[in-house]
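Visitor: My structure is below; once you've seen it, I'll send some questions.
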Amino acid sequence: MLGKRTGSRHIAVVLLMCLFWYVISSSNNVIGKMVLNEFPFPMTVTLVQLCSITLYSGPFFNLWRIRKYQDIPRPYYYRLIVPLALGKLLASVTSHISLWKVPVSYAHTVKATMPLFTVVLTRVFFGEKQPTLVYLSLLPIITGVGIATVTEISFDMMGLISALISTMGFSMQNIFSKKVLKDTNIHHLRLLHLLGKLSLFIFLPLWLYMDSFAVFRHTAIKNLDYRVIALLFADGVLNWLQNIIAFSVLSLVTPLTYAVASASKRIFVIAVSLLILGNPVTWVNCVGMTLAIVGVLCYNRAKQLTRGREQPTLPLSQTSYVKYSPLEQQADPYYRGSVNGKLSNGLHRTPGNSLLANGSGMPSGTATRLLFV
C-alpha cells in the first residue's frame, strides 16, 4: 500500500516526536554538563553512554522486532565498519571534553559548523563539488561561530578544538554511514547498536589504562555519591533515547525537514541551557549564535534549491508503508533474522516493501542518514 503521510494524525505524531526529541536532547546536554562539573571525567561519561547503547539496544530492538543483523563481508567490515566505530568513539570523547571545558550554548554553536565539514569532506573523499549558492550559505555559519568565539566569556581553547574535532567526526560518520546503509541495507538502529558495541570493545582497554584508577579514587565513587551515579545513569539513558528518537523522526519526514528540525533542536538546546545553567552571555554573543543557526537553515535551503526538484515540507514525505500487524503474516525474508537476496558483492538487498519500523527499506529518492549528535 502506497500513500503520502499527510494526515493531521501524522502531523501531530511528527510534532509530538520533535518536541520529545528537543526535550530529551536538551535534558541530555544539561545533565551531561552537570555531571562533568562534579565528575570531570569525559572518557568515563563516554564509556557510560557506550555501555547504555550496548546494553539497552539488544533487548529493546528485539522487543520492537527490529530486523536482525545481516552478514557483512569481513573485508568490508574492516574497511568501513571499524573506521566508523573509531570515528564514533573519537567524536563522542571530544564532544564530552568540549562540554566539560565550555558552556553548552557555545559547544552547540560550534557544532553548527557541521555543514562546512560535510562540504569539505565530501570534496576530499568523493570529489563532490557544490554549487556556488551552497558555498555562499556557509559564510553566515563561519561568521556566526567566529563572533560567538570572540565574544565567549568562558572561552577555552581546548574546548573549541574538541568541539571542532567532534563536529568533524560526526560529519564523517554521517557521510560514511549513508554509504554503509546503502551498501548493506542493515537496519539503521542495528548499525547504531553495532557501532556502540564495537566502540565499547575498542575503548574499554584505553579507559582502563587512562581513566579507571583516577575514577575509582574520586570521592564521588569512593563515597558512593548517589547523586553523581544517578546523573551518570540518566545521561546514558537520555543519550540512547536521543539517538532512537532522532532516527524515528528521520523515518517520518524528508531529509530537508529533518535538517530544519535538527537546527531548531539546536536552538532549543542552547536556550534551555542558558535558562537552566545560567552561563553569562552578551548580546553580541547571542547575535553570533543566532547567525550560525540561521546559516545552517540557509545551507539546508541552498541544498534544496540546487537539487533541481521540489521537496515537500513538514511532514510531507513520500513513503511506502505496509500495515505493521500482524508481522508474522508478512512475507519478509528478514523476519527473525532470515536472509536471502544476496547481491553480487556478498551484501544483501532489502525488499521494496520493507519498513523503517521493521526493516530499513527506504523508497528510492529518500535519503537516509545517521546523525550522531
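Just so it is clear, glycine is given a Cβ too, placed from its N, Cα and C backbone atoms.
This is the feature table in Swiss-Prot:
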TRANSMEM  11-31  transmembrane segment
TRANSMEM  41-61  transmembrane segment
TRANSMEM  80-100  transmembrane segment
TRANSMEM  104-126  transmembrane segment
TRANSMEM  133-153  transmembrane segment
TRANSMEM  157-177  transmembrane segment
TRANSMEM  196-216  transmembrane segment
TRANSMEM  228-248  transmembrane segment
TRANSMEM  256-276  transmembrane segment
TRANSMEM  282-299  transmembrane segment
Visitor: For the transmembrane segment (157-177), which recorded stretch in the set 41-61, 80-100, 104-126, 256-276 gives the largest number of Cβ pairs separated by under 8 Å?
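Guide: Against the transmembrane segment (157-177), the leading stretch is 80-100.
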Visitor: Same chain, outside the transmembrane segment (282-299) by at least 6, Cβ under 8 Å from its Cβ: which residues?
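Guide: Residues 105, 109, 112-115, 134, 137-153, 259-260, 263, 266-267, 270.
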Visitor: Could you name the stretch, out of 41-61, 80-100, 104-126, 256-276, with the greatest number of CB pairs under 8 A to the transmembrane segment (228-248)?
Guide: 41-61
Visitor: Could you check if the transmembrane segment (256-276) is in contact with the transmembrane segment (41-61), meaning 3+ Cβ pairs under 8 Å among residue pairs at least 6 apart in sequence?
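Guide: By the criterion, they do not touch.
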Visitor: Give residue numbers and ranges for long-range contacts of the transmembrane segment (41-61): same chain, 6 or more residues beyond its ends, CB-CB under 8 A.
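Guide: For the transmembrane segment (41-61), the list is 32, 35, 89, 92-93, 96-97, 99-100, 189-190, 192-193, 196-197, 199-200, 203-204, 206-207, 210-211, 214-215, 218, 232-233, 235-237, 239-240, 243.
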